Every structure is written in C-alpha cells, then in structure tokens.
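Peer 1: Take a look at the following structure, please.
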Amino acid sequence: MDGVAASVRSAASEVFGDRVEQAAGYVELLERHGVERGLIGPREVDRLWERHVLNSAVIGERIPDGARVVDVGSGAGLPGVPLAISRPDLDIVLLEPMARRVDWLAEVVEKLELPITVVRGRAEERQVREELGGADVVTARAVAPLARLANWCLPLVRSQGALVALKGASAGEEIERDRVAVRKAGGGEPEVFECGSKVLEVPSTVVVISRLRPKPPRGRRS
C-alpha cells in the first residue's frame, strides 16, 4: 500500500483486518489492467481504495452473517470482490453478462484464491433465475435506475431477503420516482442507509429493498 494516504490505510485495515494484503492485491490488479481492459476509467486509478474498494466493502454492514449473495452486473468485481475479502462468511456469486469481464473476474478469483463463483448471464434471464434464485441478498452497483433494478434483481431474492443497491446522493429522488414500480416488482418500502460512517470520510449510500412474500391468489366468487 505504498503511496496510500494514512487515513486510507487505517480504513483499509479496519475494514479488511488480516486480509488487507488480499485487498491490496485486488487494487494492484485493477491498477495494472483495469483501464486497458475497459473496467475502470483512467481517472479512477488514483482513487480505487476510497471510491471503489472500501466504498463497496462497507455495504457488508447491511448483509447478515452467512448470507448467500448474488452480485448483479459485477463488472470489475464491485462490490462482490471487496465483500468476499472483508466478509469471508458470505457465499458470493458474481453475475456478469460480458464475456471479457467474466474472464477478468475468473482471473481475479484464481489469483486471489477467493471462494467465489463467477457466472455469465443477466439477472432477467430465466436460466439465471432458476440457477441463482432464492438468494438471501442481491447486490448491485451503478447498474441501472431503481425501478429497472428491482425488476431484474428481486426475482433472484428469496422471500424476506433483500436487494442492497449502492447509490449516490440522489437515492432519495430515485425512491420517490420509482416507489410504485418497486412495489409492483415485489419489493417493500425502499430504505436508505449510510455504511462505513465510522471509517470512511464519505460513507457509502445504499438502498435496501426487502422482497415481500407473494400475496395468495384470491378465491373465486361464488
């Protein structure tokens, strides 16, 4: 972690504990290959720790122990890879539709020796829903607006499980705009939480949507 600010090193040690070197290995892979492989923009290289890796890892605060997690649209491995490093108790699947990104994720998992499954596909595909459905938690970061995200992701979540979506400062506006669509997709009232407030200068904002139990069908009138 040479050249990393003391405050960031401290936060990384707090979040990753004795696995901080594994997290540093992930950052190094992104620094070396992220731009050329189209995973991150050039401006992101100097702020990988605070803007991406720590930002992703702290959402574990909203994920229960031992949960089965599907990370939808994993891309460069965010938030799934930092979550797997910071929370080894989680059973994580990285779901990504693009072949070149799937190849990257497989390389990361192998090099860092992470107990993660990588699956190529889209959340809305029937085969994916059959294979990965019933997850305790589905995570997503910078994938789509909340309404679309709920339609794609909630079918993968078990009843009373949750969608945990990393969002920005406009989370409240998205909720107001998409509340009805979320309900139609089977979700409860979206809740906004800040994660990492004890360790990050700028905490991560997440929207958590519980998957409601489906209503029983109405009986026919006599």
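Every residue gets a Cβ built from N, Cα and C, even glycine.
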Peer 1: So TrEMBL lists G73, L78, A123, E124 for S-adenosyl-L-methionine; which of R62, R87, R141 goes with them?
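Peer 2: The record-listed residue among the candidates is R141.
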Peer 1: Hey, of the binding-site residues listed (L78, A123), which one tops the CB count within 10 A?
Peer 2: L78
